[in-house]
Amino acid sequence: MDIEERISLVLKYPTEEVITVEELRELFQSGYKLNHYIGFEISGFIHIGTGVVSMSKVVDLQKAGVKTQVFLADIHSWLNNKLGGDLDIIRKVAVTYYVETFKKIIEVLGGDPDATRFILGSELYHHNDEYWLLLMDITRHLTLSQVRHSLTILGRKMGESIPLAYLVYPPLQVADVFALEAHIPHGGIDQRRAHILARQVADKIRFYPLKVDGKRIKPVALHHKLLPALNITSKPSSREELSEMKMSKSIPQSAIFVHDSPDEIRQKIAKAYCPPRDTEYNPVLELLRISAFREKRKTPLVIKRPAQYGGDLEVWSYEELEALYRDGRVHPADLKTATSEALITLLEPVYRYFQGPGAKLLEEMKNITITR
């Protein structure tokens, strides 16, 4: 595979941006074995945004010859009071439900689950003096203003009442990039600010400097699209506002969970926000794109329509679908039906796993989320 093909894999949907593509090209040209990482807080059930969107890029990176790493951020989750702030529960969920679910999704998407390294945050930090020196070093090169700017909208609005833990979080994220030797830190577009901080301190830190062939480099940040919540009632006004309106583990009707049954998927999609002719921030269109149009189709997607409205449509590409929807030739109800069936087909192996070998994991997660 040549360098341009590898770059195309990294840029492939659902990628939203790479900072920068030219630096990525230089990394590939070096011939150096590159490391990736994506980090996750440990909280509730895994939905299609966390699972399929994120892991689809992990699979792309595997194919591009990059060593992929999934960071299970137990300490970060504890700082953010996830799962009731119970660190033991957070760790248990991380190394069981999260690892096994991600592995299954990687397999379903055509990747190799065994080729991805899963790292628990507390294991990275344990007896690791250099990590803590790195963290302190990073704080020496960041201002309070920079850290505040990297917070979520909610965090920035809290003013003087913000918990100190929230301000510790961004430097921890930055430290993780370097401690994991991640040439390509990866996350949703909502992680952009933290990755920019990592790039800003890359040439200043003394510990864990990121190098390729002895030359110090900045990490190349990869950001994928966020899926809008199913239950939004209007379009977000900006990319940042979308990060506050994305699918949420804590709001079941906002998301398709990877273990949802076919009937649950149909019911959620039927109620989803899907304005006619509107293709921007349309969660139903985005779900159909990730489930049916990530790879070049070998057969057309059939969108069933009543005969009086022209009968069934055969669609070969997402661009064709988007144009048809914008022109009003595909009705929201027909789009929702097609999306539901595509999602059911994609997630069927995952659903079957949680009905069989993974049933105990799912039951344990249900019990944990109820008691938290």
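Using the three backbone atoms N, Cα and C, a Cβ is placed for every residue, glycine included.
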Note: Swiss-Prot has Tyr169, Gln173, Asp176, Gln191 binding L-tyrosine, and from Tyr32, Tyr37, Tyr325 that site also includes Tyr37
Expected hit for motif ''KMSKS' region' in Swiss-Prot across 111-115, 246-250, 261-265, 356-360 is 246-250
For Asp176 (L-tyrosine binding site), the same-chain residues 6+ apart in sequence with C-beta under 8 angstroms from its C-beta are Tyr37, Gly39, Phe71, Ala73, Gly121, Leu124, Ala182
Candidates Gln173, Gln191 (binding-site residues); min other-Cβ count within 10 Å returns Gln191
Note: in the chain of Lys249 (ATP binding site), residues six or more apart in sequence with C-beta under 8 angstroms of its C-beta are Ser43, Gly44, Phe45, Ile46, His47, Thr50, Ala255
CB neighbours within 10 A of Tyr169 (L-tyrosine binding site), counting all protein chains shown, number 23
